[in-house]
């Protein structure tokens, strides 16, 4: 019994010592993050797809603070770009795409290899091995990571069809608008 108590006490002491060491190291080597970069990263879709030319959303947020264009996030689209512009106090830039798109799988050509399912960062593709797959349109972020691994090229990017639920009124001109003067 005494051996068990001494073993527990020694392990507890080592754990306490390691915890104190880690706590000290966390305080000693703490690096202050740029709050603007953190806010930008929160606005980005976090798919880390690399379509902007950076290895993920964090490096792209850092690049924006260093002067990179704010309109390179294809999955985020116009809404994310406008949010970034509003946060930084700059004018929105034109998006160089034709609008939002989602992946479409030709289910007759799909062989059910699951390669697309494995690379989708948001789990927007459903299906089983050796069964045809389909895309959950509401979840697809248009990152296009599913296109390359598909051995049958049965995945294409299709424009998001407009419907009555997505339609919105144009914002009216405000009292300070040049359109009224």
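Including glycine, each Cβ sits where the backbone N, Cα and C put it.
Look at Swiss-Prot and you will find 1-26 tagged as region 'Hydrophobic', backed by sequence analysis.
Note on the domain '4Fe-4S' (32-90): DSSP counts are 30 helix, 0 strand, 29 coil. The domain '4Fe-4S' feature in Swiss-Prot is assigned to 32-90; the stated evidence is sequence analysis.
The [4Fe-4S] cluster 1 binding site annotation in Swiss-Prot covers 49, 52, 57, 73 and rests on sequence analysis. Cβ neighbour count for residue 73 ([4Fe-4S] cluster 1 binding site) (all protein chains, 10 Å cutoff from its Cβ): 27.
For 101-130, the entry in Swiss-Prot reads domain '4Fe-4S ferredoxin-type 1'. Sequence-distant neighbours of the domain '4Fe-4S ferredoxin-type 1' (101-130) (same chain, 6+ residues past either end, Cβ-Cβ under 8 Å): 47-49, 136-137, 139-147, 149-160.
Among the features that Swiss-Prot reports, [4Fe-4S] cluster 2 binding site is placed at 110, 113, 116, 150. Sequence-distant neighbours of residue 116 ([4Fe-4S] cluster 2 binding site) (same chain, six or more apart, CB under 8 Å from its CB) are 103, 105, 125, 133, 146, 149, 150, 155, listed in sequence order.
Residues or ranges marked as [4Fe-4S] cluster 3 binding site in Swiss-Prot: 120, 140, 143, 146. The DSSP secondary structure for residue 140 ([4Fe-4S] cluster 3 binding site) is coil.
Under the heading domain '4Fe-4S ferredoxin-type 2', Swiss-Prot lists 131-160. Outside the domain '4Fe-4S ferredoxin-type 2' (131-160) by six or more residues, the chain places 45, 47, 49, 51, 74-77, 98-125, 166 with a CB less than 8 A from a CB of the stretch.
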Spatial neighbours of residue 73 ([4Fe-4S] cluster 1 binding site) among the binding-site residues 113, 120, 143, defined as Cα within 10 A: which are they?
143
Round to a whole number and give the Cα-to-Cα distance in Å for the pair residue 52 ([4Fe-4S] cluster 1 binding site) and residue 110 ([4Fe-4S] cluster 2 binding site).
28
Please identify, among the binding-site residues 110, 113, 120, 140, 143, the one with the smallest Cα-Cα distance to residue 57 ([4Fe-4S] cluster 1 binding site).
143
So among the binding-site residues 110, 140, who's got the most Cβ atoms within 10 Å?
140
For the binding-site residues listed here (49, 52, 113, 143, 150), which one has the lowest count of neighbouring CB atoms within 10 Å of its own CB?
113
